[in-house]
Amino acid sequence: MTDLVKSAETTAATAGPRPAAKDPDAPVNDRDSLMKWLPFISTPVLLVVLIGGWQFAVSVIGVSEFILPAPLDVWDSLITLLSGGDVWRDIWITLYEVLLGFVIALVAGTAVGAVLGRVVWLERAVQPALVALQVVPKVAFIPIFVIWFGFGTTSKVIMAAILAFFPIMLNVMLGVRSVDRGHRDVMRGLGASRWATFRNLEFPSTLPYIFAGAEVGIVFAVIGAIVGEYLGGSEGLGHLVVRSLNALDAPQLFAVIVLLALMGSLLYAAVTLTKRLMIPWHDSVAGVSP
């Protein structure tokens, strides 16, 4: 029996979704090389165009700085914020809410998605409830969470987790169902246990889907935490947006938005980097072109 399990593990590892190793002597595809470096080239160009158009709208077109402050004013306000101590506490609070909510969503979404992907009748039974929860605007839950958990971080963590849960769960469910039935039959025929099948076949096959859901989920977690702070918080970057708005301080408002954009971009980049390290063999990472 032990030999059969070892043979099943070897077969699953061979039959999994890993492509053949690339020939080091093969010519480099110019398109693949361009696609690899495109984000590093396009991002600075887009930023220059955006800031240039922004400055043009203020200086030449004459858009009121009350509506659209000049980029230099926003920069000065950003430096002033970062020079103080309060904003760092707000950044940490928001980051804590986002990361904790994301981890909860990742664990719960992966577990629920794996179960629903394997048990079709259960997925059909709970589908109406999942659809109902998905279509309800999540903002409607914030007053309920505030009543239940107060104005502290707990309600914001739950809000972040709920928004991040659904894309992760749906992607994992699709990933489990995408596992080749023939590969499962091979594992079963060789006497592999459920754990051996999961470890050597299902988990590697589902990893790209998990990361696809995680990339969307981390963005939704940021949105959930910020919306929660904006509508029912007393601290964090979302609440700083409210304070800037109440003070009619447009430069500071835009500076906080810049901080939020940086936070979201860095978190998304961290998830993408983790994906590149864990599944370098997948097409979405290797950049395989037709």
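In case you wondered, yes, glycine gets a Cβ from its N, Cα and C as well.
Since this is a predicted model, take the numbers as computed values, not measurements.
As annotated by TrEMBL, region 'Disordered' applies to 1-27.
Sequence annotations record features per position, and here TrEMBL assigns compositional bias 'Low complexity' to 8-19.
Positions annotated as transmembrane segment by TrEMBL: 45-71 (among others).
The domain 'ABC transmembrane type-1' annotation in TrEMBL covers 91-275.
Listed by sequence, the residues of this chain that lie at least six past the ends of the transmembrane segment (91-117) yet keep a Cβ under 8 A from its Cβ atoms are 123, 126, 153, 156-177, 206, 210, 213-214, 217-218, 221-222, 224-226, 228-229, 235-238, 259, 263, 267. According to TrEMBL, the feature transmembrane segment maps to 91-117 (among others).
Taking Cβ pairs closer than 8 Å, the transmembrane segment (129-151) reaches residues 158-159, 162-163, 166, 224, 227-228, 231-234 in its own chain, all 6 or more past its ends. Sequence annotations record features per position, and here TrEMBL assigns transmembrane segment to 129-151 (among others).
Annotation source TrEMBL lists transmembrane segment at 157-179 (among others).
Residues 94, 97-99, 101-102, 105-106, 109-110, 113, 138-139, 142-143, 145-146, 151, 155-157, 159-165, 167-172, 174-175, 178, 238-239, 241-242, 260, 263-264, 267-268, 270-272, 274-275, 278-279, 284 of the same chain, all 6+ positions outside the transmembrane segment (209-232), place their C-beta atoms under 8 angstroms from a C-beta of that stretch. Positions annotated as transmembrane segment by TrEMBL: 209-232 (among others).
Summarising the annotation, TrEMBL assigns transmembrane segment to 252-271 (among others). Under 8 Å from some Cβ of the transmembrane segment (252-271) lie the Cβ atoms of residues 69, 74-75, 77-78, 80-81, 87, 91, 94-95, 98-99, 102, 211, 214-215, 218-219, 222, 226, 237, 240-241, 244-245, all in the same chain and six or more residues away from its ends.
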